[in-house]
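A.B. asks: Just passing along the structure, written as structure tokens.
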Amino acid sequence: MSYLPLYNNNNNINNNNNNNNNRINNNKEKGVKNKPFQIFISIVFIVFLCFFLIWSMEAKKDKNIKINKISNIDQKNSPNLINEPINNNKNNKNNIPKNHKQFKNKKGLIKSFQYEPFAYKALRNEDGFEISIVTHVPIENMEKIAMIADIWRAPISASVLIKNKNDIDSVYKLIRNSLSVSEFVDFHFLYWNEDSDSIINNNNNNIINKNKINTNEEDNLNYYYYPINSLRNLSLKNSKTDWILTIDIDYLPNYGIYQYLERTLYTSLQPSKKLINSDLVSFVVPSFQLTSISTKTAPTTISTQSPTPISTLKKTTLENKNKTISTMSTTMSTTTTTSATTNTKITTKINKPLKKVNRYDLPETKFQLQTFIYDDKLIEILNKKSCLKCQSPTNYNKWFSLIDTTNPSPYKIEYSWMYDPYLLYNKSQLLEFYDERIFKEYPSSSTLSSSTTTNDYDKISFTFSMASQGFQFFILPDAWLVKMNDNEDNDNDNDGNNNLIFNNLNNNNNNNEYNENFYIVCNSILPDSKIKNNHNPHKKLFNEPLTNEC
């Protein structure tokens with residue numbers, strides 16, 4: 001029998017140990033080589049997790065409409081601040097916005113409004129833009145901001161009166177469905193107070209319009225007060241540019257207007273090419289409206305016989321009242337008989353268009369606009385029938401006379417009281433913004449435009465303050481706005497209240513049934529504006545009414 005030497009066993013043992021050590025070392029080396037890859041995977045996972053958490057938080061913010069509690073408001077300094085949630089649910093404390101505004105004026109709006117600037121911020125950066133549109137959007141007309149954005153294609157600062165969560169949903173629904181809105185429109189929210197239906201100063205009951213007081217309580221609640229100038233100021237103060245064009249939501253600008261306005265500012269105001277020697281300059285955009293569409297197709301019969309003059313009736317005395325009535329009856333019957341027997345009646349057609357115009361039919365050039373006005377009768381000058389003096393300083397005859405002129409320059413006009421234009425101006429030059437005592441009145445379920453209400457002193461008083469500050473007004477010859485009327489069968493002068501109020505302002509007569517805003521304008525805003533601009537409040541500047549004529 002042979003035996004292996006002992007040292008061979010030792011060698012085998014050593015070899016086994018060496019093999020085991022080599023395996024361990026190899027595994028360690030592999031682990032070292034795989035470690036960077038494992039770190040990379042961990043980093044990717046962490047980054048993905050962070051993005052997911054951020055996305056979840058943003059989605060939650062959008063879902064809650066980014067409304068936070070008021071944390072830094074001194075309640076003692078803001079006694080009129082209403083801290084109830086906008087949906088009147090006291091248990092939901094997350095519906096209160098983070099800012100507030102309070103009105104402390106003597107007359108007009110006196111309640112506090114909470115607001116949220118940039119509730120939605122436009123995706124497009126404002127760099128490279130010089131002009132912004134400033135507007136306010138009644139929730140019923142929300143889709144019209146998309147029409148403006150499609151044409152303007154530049155920054156828009158828009159404020160919305162929010163009364164409930166459904167209003168907020170409507171805004172974000174529009175943002176999701178309109179690329180132009182999501183790119184260019186900044187939305188600011190002004191939140192409705194739960195008792196904002198009674199925001200008129202109760203100490204001034206004599207300014208309440210008696211025409212609107214009804215014995216039926218339910219009828220009186222069909223209207224709500226709309227803080228139009230508060231909304232305008234919210235948009236104005238948060239616009240991204242100094243030069244702004246203020247318009248209402250139911251007015252569409254002409255195509256290419258932004259490029260034209262930017263070009264006009266450069267050629268008119270640059271030191272090397274300055275055409276206007278004034279530091280305070282405002283440009284007027286002429287305004288038009290669609291001619292009302294008639295639902296009547298039959299001709300109208302008009303008699304050539306003139307009615308009995310009212311002056312003849314004033315000469316009669318109270319004792320001869322019965323005799324006068326008898327005489328009037330005889331005269332009327334004689335007139336009718338004469339007209340019937342002599343065939344003095346004439347037949348004329350109703351001078352109203354039967355075609356409905358939508359935004360795609362609007363004129364793209366000034367030549368087309370002229371055709372729409374004078375040939376087709378589809379468009380007319382704004383407020384031509386209801387308030388002629390509100391637009392007359394624009395001088396539309398001169399405006400159309402420049403139609404054949406190549407690159408016409410803006411022409412200067414003289415301001416006069418009651419002028420109510422849409423303006424392009426530099427907000428950094430203003431001493432006064434829109435007076436927030438002014439309000440409008442809307443039907444609670446209205447789908448009407450913002451211009452169908454009876455209180456139209458929001459822009460009139462603002463333009464007066466600019467004129468008293470020393471602004472000069474220039475008409476833009478190649479820019480215009482067209483109001484898209486909502487009512488198809490509207491005579492444009494059916495606002496009897498408007499005519500009455502404009503006559504009050506214009507003729508300075510003493511009528512007991514004042515409009516609320518007329519009282520505020522005449523007694524407070526006009527003299528306040530004169531004092532701020534170092535003028536005597538008891539002297540007329542532009543034939544405006546004085547306080548003793550209100």
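Glycine residues also receive a Cβ, built from the backbone N, Cα and C atoms like all the rest.
So Swiss-Prot lists these for the protein:
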- 1-36: topological domain 'Cytoplasmic' (TOPO_DOM)
- 8-25: compositional bias 'Low complexity' (COMPBIAS)
- 58-550: topological domain 'Extracellular' (TOPO_DOM)
- 81-97: compositional bias 'Low complexity' (COMPBIAS)
- Asn233: N-linked glycosylation site (CARBOHYD)
- Asn322: N-linked glycosylation site (CARBOHYD)
- Asn426: N-linked glycosylation site (CARBOHYD)
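What does the local environment look like for each feature on the list?
C.D. replies: Spatially close to Asn233 (N-linked glycosylation site) yet at least six residues away along the chain are Phe433, Tyr434, Glu436, judged by Cβ distances under 8 angstroms.
Under a cutoff of 8 A between CB atoms, and with a sequence separation of 6+ in the same chain, the neighbours of Asn426 (N-linked glycosylation site) are Asp242, Trp243, Ile244, Val281.
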A.B. asks: Would you mind giving the whole-number mean pLDDT across the topological domain 'Cytoplasmic' (1-36)?
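C.D. replies: Reported value for the topological domain 'Cytoplasmic' (1-36) is a mean pLDDT of 55.
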A.B. asks: In three-state terms from DSSP, label Asn426 (N-linked glycosylation site) for me.
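C.D. replies: For Asn426 (N-linked glycosylation site) - judged by DSSP and reduced to three states - the answer is strand.
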